[in-house]
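Visitor: Here's a structure for you.
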Amino acid sequence: MTIGILALQGAFAEHEAMLEALAADYREIRQRKDLTDDLAGIILPGGESTVQSKLLHELGLFEPLRQKILQGLPVLATCAGLILLAQEVSNDEPSMATLPVRVRRNAYGRQLGSFARAGDVADLRGFPLRFIRAPYIEACLDKKVQVLNETEGHITAVRYHNQLAMAFHPELTRDLRIHSFFLDMVAKRKELALGA
Ligand code: GLN
């Protein structure tokens, strides 16, 4: 079971370290040929969403990746990754638009540019939430979007079928629970596909 980690820009090495700690296989996705059909899931890291989106287009990765996500490939998206997935971005153009939420980029303003809290992410109690020039989710655009966390009165983590997306950075903590949860999502989808 190999997880792809989009490695064009941003905090991908930190996600790799999390998967290594969980003894999961991964492959960096840097070009079209890396995006093979055997990938069991994909991680979209934090960074700069406009740069990432531009590179996805330039490398011919944008549409193939988007199609895979629409067809059910499990995806874990953090921060800039959440912006890439959002159907609407209230202060920018949307990118892949696979996740029915409206996000606001750099939403917390200067004072709260970067901050940390502990909070629950669904039933993961007391998760260390690290926000860095983070977006938040202004609205869910489909009633099947599950809200997993709210911080400072705003939605910061959601799940929509195969898409798990958050405004904060679990890969910058020592807490493996979100990555572990994602690997469970990936394994369950594989079992279903095999009819197990
Ligand atoms: N501010 C970045 C953007 O809008 C996201 C920040 C992050 O990924 N830490 O793309």
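Just so it is clear, glycine is given a Cβ too, placed from its N, Cα and C backbone atoms.
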Visitor: Quick one: which of ARG102, ARG104, ARG105, ARG174 does TrEMBL put in the L-glutamine site with GLY47, GLU48, SER49, ILE132, ARG133?
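Guide: The candidate from ARG102, ARG104, ARG105, ARG174 that TrEMBL ties to L-glutamine along with GLY47, GLU48, SER49, ILE132, ARG133 is ARG105.
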Visitor: Which state, by DSSP, holds GLU48 (L-glutamine binding site): helix, strand or coil?
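Guide: Once the DSSP labels are grouped into three classes, GLU48 (L-glutamine binding site) ends up as coil.
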Visitor: Applying the rule Cβ within 8 Å of the centroid of the Cβ atoms of GLY47, GLU48, SER49, ARG105, ILE132, ARG133, what extra residues of the same chain belong around the L-glutamine site?
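Guide: Close Cβ neighbours, site residues excluded: GLY10, GLY46, CYS79, ALA80, ILE83, ASN106, ALA134, PRO135.
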Visitor: So which of the recorded positions CYS79, ARG133, GLU171 sit close to ligand 1, that is, with a CB under 6 Å from an atom of it?
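Guide: Within range of ligand 1: CYS79, ARG133.
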Visitor: Under DSSP, is GLU171 (active site, charge relay system) part of a helix or a strand, or is it coil?
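Guide: For GLU171 (active site, charge relay system) - judged by DSSP and reduced to three states - the answer is helix.
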